[in-house]
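Let me begin by presenting the structure, written as structure tokens, before commenting on it.
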Amino acid sequence: MNFFCPSNPPGSSAFHTANGNDSKKFKGDIRCPGVPSRVIHVRKLPNDINEAEVISLGLPFGKVTNLLMLKGKNQAFLEMNTEEAAQTMVTYYSSVTPVIRNHPIFMQYSNHKELKTDNSPNQVRAQAALQAVNAVQTGSMTLGAVDPSGLTGPSPVLRVIVENLFYPVTLDVLHQIFSKFGTVLKVITFTKNNQFQALLQFVDGLTAQHAKLALDGQNIYNGCCTLRISFSKLTSLNVKYNNDKSRDYTRPDLPTGDSQPTIEHHAVAAAFAAPGIISAAPYAGVHAFPPAFAIQQAAGLTIPGVPGALASLTIPGAAAAAAAASRLGFPVLPGTHCVMLVSNLNPEVSSSQSLIDLESVYGDVLRVKIMFNKKENALIQMSDGTQAQLAMSHLNGQKLYGRPLRITLSKHTTVQMPREGHEDQGLTKDYSSSPLHRFKKPGSKNYSNIFPPSSTLHLSNIPPSVVEDDLKMLFASNGALVKNFKFFQKDRKMALIQMGSVEEAIESLIQFHNHDLGENHHLRVSFSKSII
């Protein structure tokens, strides 16, 4: 059957006005990607999504005038105030897939030209969410009234924990990141449970909610400095001093107190304010919604659901961060130190290929050299120092073929290939052009899926013909114990498999990553943080 998308008259079945009482009509919704409409069809939403999160997808582009939630279908229809706003939104999200709660979201124009909703409980809740958003944006609602989720208003204070702190994160860095979502009034930084944390107070709870939705789980730098964000129980911060630990931007007259900003602090601030490192263009969107962040040197923090094409803010990449780290005495070496010395290998079974399969979980391996006279040692060159740090921190001490790995940064800055005419029995291999690199794309999503070795492995790129028993038999074929297995409910291209031990999982990853499963599908294997 061929579907055409010309001018069906209003009232015909193809352009039936959306009604919340009859979700079945949406099952056959004829979407015409090239025919703009104020109504946008949003698909593949997570099960536990709320109205506020769906509305937040449209806020950067204009006013959201109506919302229809089809939670049973994991779908929604969002109506924008103008067709132009809808076009901008669809165009942007066609190139930058928005992610909510680790779920990629997809959208396109609906054939519906407008939404009409009824008084069902779901639609009453959606309308309450819209009214709350509009009230906050027009300044007619005070904090503590109903928020977009229909519950007590979210706190304007966010609690931020920075995990995997390989590079220094300062109060000024946090302010620059979070202030793109609205006015940050106050910031307090501190260390608790050996973690760098901060409290940030926004003007209102909705602004804080936007920032949390966009930034939670994102990395400031490649594979590290991960933001974990939650709402604080506090509704206001009491800042006594303006210094490198706390700041009240509404009270520039506050004393500095005992904690005077240090020379190192000024050096870091200068690094982040150096010409060419930070550039910001204003975006006159709704609620001063921010641009995306672009980290130099390949990747970093990319905020989903934010029109980065309209403006940009760039903060330093790995090299500038490493330089700042050395000034502060952090145990991070500059980006040129991307060569690791791996020792205590089992020479009977270790090979260049086994090393690249394991190390490539944490970065792209460029070269591997197994020592000629000491084959339990090897040099591994990663594509940058950040990746070398990640691999070293996650793999040092892990057992491989019965021996605990010993990994340190090498004094060498590159792994030299043997000179022409000088053979080394194939002990030095160049993988710089390998098609199997996981992080070759700038801003690769693989950076957000880096986890320490665990007994549970994440499998992906599974063809439809491969069933659970096939994968269990494959992973048991090397003599390992398979304890548990589970396909993902919504995407059977992915699965989790639990091995008998972390060591067995490491060896299984080495053996079966990129395994040919047929139908032009090569298995992708990585460590998982989940437990079956």
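Glycine is treated like the rest: Cβ placed from N, Cα and C.
Predicted automatically and left uncurated, TrEMBL annotations should be read as such.
Looking at the stretches 1-20, 341-360, 501-520, the one that TrEMBL records under the feature region 'Disordered' is 1-20. The highest tally of CB pairs under 8 A with the domain 'RRM' (158-234), across 38-122, 338-412, 455-530, is held by 338-412.
Here the domain 'RRM' (455-530) returns a mean pLDDT of 93 for the predicted model.
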